[in-house]
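As structure tokens, the structure follows; a few thoughts come after it.
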Amino acid sequence: MIPIEIDSGSGFCFGVVNAIRHAEKQLEKSSDKLYCLGDIVHNTLEVERLGKKGLETIDYDAFSRLRGAKVLLRAHGEPPEIYRMAGENGVTIIDATCPVVLRLQNKIKSRYEATRSLGAQVVIYGKRGHAEVNGLVGQTEGTAIVIESEEELDKIDYTRPVILFSQTTKSLEGFGQIIDSISTRMQPGVTFEHHDTICRQVANRIPHIGAFATAHELVFFVAGEKSSNGKVLFGHCLAANPRSIFISSPEVIVPDMLVPLPASIGICGATSTPRWQMEEVASHIKALL
């Protein structure tokens with residue numbers, strides 16, 4: 001039998017585990033309807049599993065119409081506007097914001113309030129429109145500049161102070177490149193401060209995933225189609241091992257993917273991929289061999 005290894009370093013990060021525990025605890029102790037603002041995790045199968053337990057996912061429009069309900073805020077965090085709206089509408093918040101994200105929100109809010117009178121610009125290196133980034137921008141009353149890549153650095157006014165932060169799940173390498181590029185553009189005497197706000201539990205998975213991928217002839221990377229972290233990690237996985245395949249469920253694996261038969265098979269995933277899903281993938285592969 002071809003050896004199959006599930007990566008011990010893959011699976012939910014602490015923030016996601018914490019949010020799911022919050023949801024399950026609330027569902028177990030109360031019969032009251034529990035809503036979640038947005039997918040609790042970017043993994044369709046896990047969302048469906050919790051949905052069967054009673055967790056109902058809603059969007060922001062539906063949230064604005066709720067009255068007297070109970071709503072879980074996921075690990076990504078939310079802007080102040082959501083808390084204000086909840087208070088006005090009698091909505092009870094179950095706050096499962098990741099502690100790492102919460103610290104970052106507070107740091108951004110503090111620096112924004114301390115420097116806005118000086119004309120400083122808060123810049124966030126992250127994915128525009130991502131839930132976490134929306135929550136971070138909200139700490140600056142919507143004024144923060146979001147930068148996805150070096151190509152967007154012209155949005156910054158280099159004659160004014162710059163305060164740079166990063167979305168917690170971005171790569172250290174990418175953040176370092178942004179810091180270097182901004183540094184070379186700053187006008188003499190103008191302040192530039194940068195804060196390393198990247199979660200190490202997530203960042204450390206990048207070198208780990210590469211080492212895991214090279215240790216196996218064939219790799220199946222398991223993640224939801226919506227997972228930003230999954231796309232980033234799979235890119236590193238593929239770079240380390242060209243015979244890496246992205247899948248979102250076990251059913252998509254067909255016998256042809258196993259040809260030629262590999263000496264070993266590795267299964268890994270994103271920070272939004274549950275362990276049980278990777279185990280299902282392993283079982284499916286064994287049935288095909």
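Just so you know, glycine gets a Cβ as well, placed from its N, Cα and C.
For the dimethylallyl diphosphate site, Swiss-Prot records H76, H130, S227, S228, N229, S272, and the single candidate of H42, H194 listed with them is H42. Each of A131, E132, T169, K226, G230, A270, T271 belongs to the same chain as H42, H76, H130, T168, S227, S228, N229, S272, is absent from that list, and has a C-beta within 8 angstroms of the C-beta centroid marking the (2E)-4-hydroxy-3-methylbut-2-enyl diphosphate site.
Taking a C-beta cut-off of under 8 Å and a sequence gap of six or more, H42 (isopentenyl diphosphate binding site) has these contacts in its own chain: A223, G224, K226, S227, S228, N229, G230, A270, S272. Within 8 Å of the Cβ centroid of the [4Fe-4S] cluster site, not counting the listed residues C13, C98, C199, the chain contributes F14, G15, V16, A75, V100, V101, T168, T169, Q201, V202, T271. Note: the CA-CA distance between T168 ((2E)-4-hydroxy-3-methylbut-2-enyl diphosphate binding site) and C199 ([4Fe-4S] cluster binding site) rounds to 5 Å. Here C13 ([4Fe-4S] cluster binding site) is compared against the recorded positions H76, H130, E132, and the shortest C-alpha distance is to H76.
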